[in-house]
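Residues annotated as transmembrane segment in TrEMBL: 6-24, 36-54, 60-82, 94-111, 123-141, 161-180, 186-207.
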Amino acid sequence: MSILHVLSTAAAILAVLAPFPDFWRIYKTRSTGSVSILPVVLIFCNCYAWVMYARQVNSIPPLFVAYAVGMLASIAFGGIYYHWTRDHAHIHKLYGAAFYILAGYTLYYSLGTSGATNQSSEQVENTLGAVSGLINLALYASPLERIKHVIQTKDASTIPITISAFLLVNGVVWVLHSIVEGDMLVLIPNALGVALCIVQVGLYVVYYPRKAAPDTLTTTTSFPV
């Protein structure tokens, strides 16, 4: 395994484990606070899609390994959140939507790889990669959910800067990896993701919450609601 493969695997694993501090805090305080479950749902969807894509293109390390770990981690995070939140209906709605999306993805995977769609292996791989890339891009964009609030209040305390920073590093590494491998389906969403993360980090620097109250500071790495 090349050094780039090792770095790509490590970066992806760190990115999907980035929510750990917030969910450890949920476990310790027995409260979800301002943490949102949406990014965790997207992490699971993203990891599932890339695991299926990795199987098709035979990219066991780094894609399959990294995102298999991410699937397990997101299940654990989701379980912790579900146990301590009072808004179970919202979780059911999000995971219900995720189920239908991934069910459709899995159905296409089964039909495409079995030849039922009359597509070549390359065409199936391109379709799977394109859908995976869109889900990946949604994950990168999720911290921008409250960008309007940040600009209006000039307070970036709701930006999950730890998550954004890890996603930025992950995106840069995967851009380099995809350039070397010549995989445009991985390159494009990660390049766009890097741009989104730069915006997030830039907003955090511009609207750094220097005067935030103690209770607010404890949620600077929390996901936007």
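Keep in mind that glycine also has a Cβ here, set from the backbone N, Cα and C atoms.
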Winner by Cβ pairs under 8 Å against the transmembrane segment (6-24), considering only 94-111, 123-141, 161-180: 161-180
Beyond the flanks of the transmembrane segment (36-54) by at least 6 residues, Cβ under 8 Å: 16, 19, 60, 63-64, 67-68, 70-71, 73-75, 77-78, 81, 85, 90-91, 94-95, 98, 101-102, 105-106, 109, 125, 128-129, 131-132, 135-136, 138-139, 142-143, 145, 160, 163, 222-225
Distal contacts, the transmembrane segment (161-180) - CB-CB under 8 A, six or more residues away: 4-5, 7-8, 11-12, 14-15, 18-19, 21, 39, 62, 139-140, 143, 186-187, 190-191, 193-194, 197-198, 200-201, 204, 220-221, 223
Chain residues in Cβ proximity to the transmembrane segment (94-111) (below 8 Å; excluding those fewer than six residues from its ends, i.e. six or more beyond): 37-38, 41, 44-45, 48-49, 52, 56, 78, 117, 124, 127-128, 131, 135
